[in-house]
Each structure stands twice: as structure tokens, then as C-alpha cells.
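What TrEMBL records for this protein:
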TRANSMEM  21-43  transmembrane segment
TRANSMEM  55-78  transmembrane segment
TRANSMEM  90-110  transmembrane segment
TRANSMEM  154-173  transmembrane segment
TRANSMEM  185-210  transmembrane segment
TRANSMEM  216-235  transmembrane segment
REGION    285-324  region 'Disordered'
COMPBIAS  297-324  compositional bias 'Pro residues'
TRANSMEM  342-363  transmembrane segment
TRANSMEM  383-403  transmembrane segment
TRANSMEM  410-433  transmembrane segment
Amino acid sequence: MRPASWFSCLYGYSLSPHEAVTARHGFTAFFFVLASYFILLPLREDVALTLGPSVLPSLFTASLVVTAVAAPLVTSYVVNPTTGSRATGFGRLCNVMCGCLLALWLLLLATSPDPWAPARLLRLLRPGLPAAPPGGQAPPLTYSGYGTAVRVCFYVYLSLQSLLSTSTLWAVCADTFSPATSTRVYGFLGAGATLGQLVASASALAFGAACKRTGAAGASTWLLLPAAWLLLMAARACRAMSGRAEKAGGVTVAAAGAWGTGTAAAAQPPTYVVASASGNGLHDLDRPTLGGASRPIPSPSAPPFLTPPPPPAPPPAAPAAPAAPAPPHLLEGFRLIAASPYLLSACAFLALNYATSATLYFLRAAIVSRAAWLAGSDSRIAFFAALNTASAGVIFAAQMLLTGRVLTRLGVAATLLVGPAVSLVGMAAIGLAPSAAAIAGVEVVRKVVAYALSRPCREVLFTVVSRREKYTAKVVLDTVVQRLGDTAAAALFEVVGADGPAIRRACYKAL
């Protein structure tokens, strides 16, 4: 069966052969990126609870500071298209993150009270040995001050990795697919991310269950090694996606990355390597989609704040002058956001969405930390991995069968409203019954909506902006704005506390 044929069977519409192959490589890239993150996510959540739920607001504040410093550095020196193709920049980012994971693995191993705990996993291969200590539960691990500092660094770094890797990869996709094509393939790309989440979460669940059975507390540190390898595979898949798209579209690396090399280059409108094959004439391969005659026609149902502003009139020709020094990328990102009502509206929407998600995260930490049946580290890792596995299975099915149809039929504006509505109902449910079962159910539903509908739909918003906004303003939106929303939720949680009545107050304030 041809690539376009199986896509038509799943989604109800077809892609051209080169679009289907490019989308397949993007699917693989997202699979590896999310797998690298989710195989370590249960370990990160256990580290947070080991440090104590009261420390979470401070961890979020530290993540904000680190993100504010790292985001412009990544934009300037790692994924800057002026230094090569965007896929090459993403590969450099993956190499840096791989090195960070290996360094953290060595530090975690050096500060672990039981660094060779994985050796006890061999109990599963030798039935004659006892499966666990007599108490049935591994003794709790204690860390020195240096070990605690290393685990704080691990928590902050993994949060940063998830932001930078996914944001950069989505930016590459936004520059590869036209707006018309993106509404049809972004659900498929998101399904690749969810499949990576599903496989990695199931692997972490099996590993956590084995550690619990054998009493190998601390063995999960070794999961950093496959996570580093997965990042290298993500870089390879992204290069394959970009290479296939450039070959099919006839766009050279130099032409695709020419923005930002001067004022004239920055003024050029974006072109898309993979454009719509629907034949409606709205998005041709070599025609601009913003700032030219073929500007995409927004959906009639889209409200004004989601409709891209009309392009300004071109300035009169002037003699060439030396380009002014470019401002720092972080400040440039904020300047671009402030100058665009379209980006300002997206910024406000994302900040409120991030604050709501962070509030649910703090509530989950407070409730799980009070559950007696989740007192052990291995039990918590297995619980978080099981929660991620269950939600990923539902999300994957929804993204494969639902996302593309919803985006094409309801449009961007209506689909974006589903997420806030689900969060509203979920907060009310937790406020009425603050239990582990309630928080688990709400989180599964919220993740299904977020990853199957909200995230792909949100990325469609950035297919109609310039490349400079994609690689500068979008990085600010996906990193600094997210951490600002998280910090606002952390401040709220720090004020209300973490006991039973405080959990209800947090829900009502979030509503």
C-alpha cells in the first residue's frame, strides 16, 4: 500500500506521495523526542516528591530562571538557521542534550546511596532468589546535600529539555508544511509523539515494576542512557524529514535559512517546502503565504483575535545601508510579540493554559504525597508510568482517528476552546472530591484533549507567521511564557498551602 493510501484510510483524505513520506519522517522524529522525555518523566516526578511537595514552587521558579537564560542561547547558537539548515540546528540541540543526560547520569550515579542497584534486577532471572526484602518494600533512599542538589538540577534540566526539543521540532515542521497541509498532517505528527509517550511510559512502567519486585530502589537512574540514545535518533529522523522535503520542493538549504542575514532577507515572506496538494490554489509551493498576494484566507468562523493581521504596505525603496546590530534574541522575541496583536492574543491564551496545567500538576503532587499506598519510590514511579501509559494509549487513538477530522471540520478557533472547557470541568471535579482517583481521571482526560486537539491546533497558528517570528517569538512563547504561567500557579499554590481545604481553595481560585 502506498504511503498516501494508508493515510487516506486513517484520516479520510489523501496526501501526495512526497507529503506522506515527509510526514512519516516527522512522525518518527516526534516519536523519539517524546520517548526520550517520557521514559524519564516518572523518575522526575519521584524526585520532586522525594524533595517534598513544598519544594515544587521553588523548582518551578528555578526552571523559569534557567529557561530565560537558556532559550536565547539556544536560539542564537544552536538552532539559528543562519548557521545552517534548521534540521542541522535541531541536530546540534539534540547532541547538546544528549551530553547533558550523560553528565547527569554520571552525577546521579556518583551520588546514589546504592549505585549498583540494577544488579538486583537479576533476581528476575534467578527464581531461587527472594524477590524483594522481607518487608516487601525497599527502604527509602536518603541523599546528601550534594545528592539533593544534583537531583534538583536533573528536575530543572528535564523540564528545559521537554520545552526546547518539542518547541524547536514544531518550529521546523511549521517551516516545512504550509498552513493548508499542516491542518491535515499535524494530527499525524502528534500521534508520533504520543506513540513515543506510550512506548516509553510502558517501558518505564515495566522497569519500575521490576525494581519494586526486586527491591532495586535507585535503579531507574540507568534510564538516562536510553533517553540519550533516543535524542540522537530524533536528530537523524529530523534531518531525513528536512532532506526529503527540500528534495521534493526544490528549496535549497541556503534559501530556506536565508532569513535573518540582513534587513532585506528578513523582509522576505516565508515559503513552504511542503505545500498543500489539494489543488485549491491557496498555497502554492513557491508562493508566499504572508505578506504577498496569496495570503491564506482565514476561516470564516475564526474570531478577530485569531485572524492574522493584514500585511503592512511595502516601504519605498531606499539605498542599501549597513544592517543595525541585532538585539538579543530574547528581547527581540518580546518585541515581536508586543508588535503583533496576533501574537499577543496567542501569548495570553498560552499563559492562562500553562497556569491551569501547572495548578493541576501541584494538586496531583499534593494528593499523591498524602496517599499511604504510594509511600515508596518504586511505587510512585510505577504509578506515574501507569498514568502516562493509560493516557498515551487513548491519546494515540484520538490523534490517529480524530485530530485531523476535527481540525478540518471545526476549524482552529472552535478547537482551541475545547481545552479550557475541559480544564474548567476538571477543576470543579477535583474541588468536590480531592482524591487520587479524581486527579488521575482528570489528568487522563486533560492530556487527551491537550495532545490530541489543543497542541496540534496551537501549532497551526504559527504556520502563518514569518520565519523570524517562528524561531524567535515562538521560542519565547513556548519557553519563557510557559514558565511564567507555571510560576504564577506556583505562587498561588504557595499561598493556599497543600492540605485538604487548601486543595479545594486552589481549585476554586484557578476556576
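Glycine is no exception: its Cβ is also placed from the backbone N, Cα and C atoms.
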**Message:** So if I exclude everything within five residues of the ends of the transmembrane segment (90-110), which remaining residues of that chain have a CB under 8 angstroms from its CBs? That is, six or more out.
**Reply:** 74, 78-79, 150-151, 153-154, 157, 161, 164-165, 168-169, 172, 221-222, 224-225, 227-229, 231-232, 234-236, 238-239
**Item:** Chain residues outside the transmembrane segment (55-78) and at least six past its termini with a C-beta under 8 angstroms from it
**Value:** 48, 89, 92-93, 96, 152, 155-157, 159-160, 163-164, 168, 328-330, 333, 358, 361-362, 365, 471-472, 475-476, 479-480, 482-484, 486-487, 489-491, 493-494
**Remote residues contacting the transmembrane segment (154-173) - C-beta distance under 8 A, at least 6 residues beyond either end** = 26, 29-30, 33-34, 36-37, 40-41, 44, 47-48, 51, 59, 62-63, 66-67, 70-71, 74, 79, 86-87, 89-90, 93-94, 97, 100, 104, 108, 182, 186, 189, 193, 231, 234, 238, 241-242, 459, 462, 470-471, 474-475, 478-479, 482-483
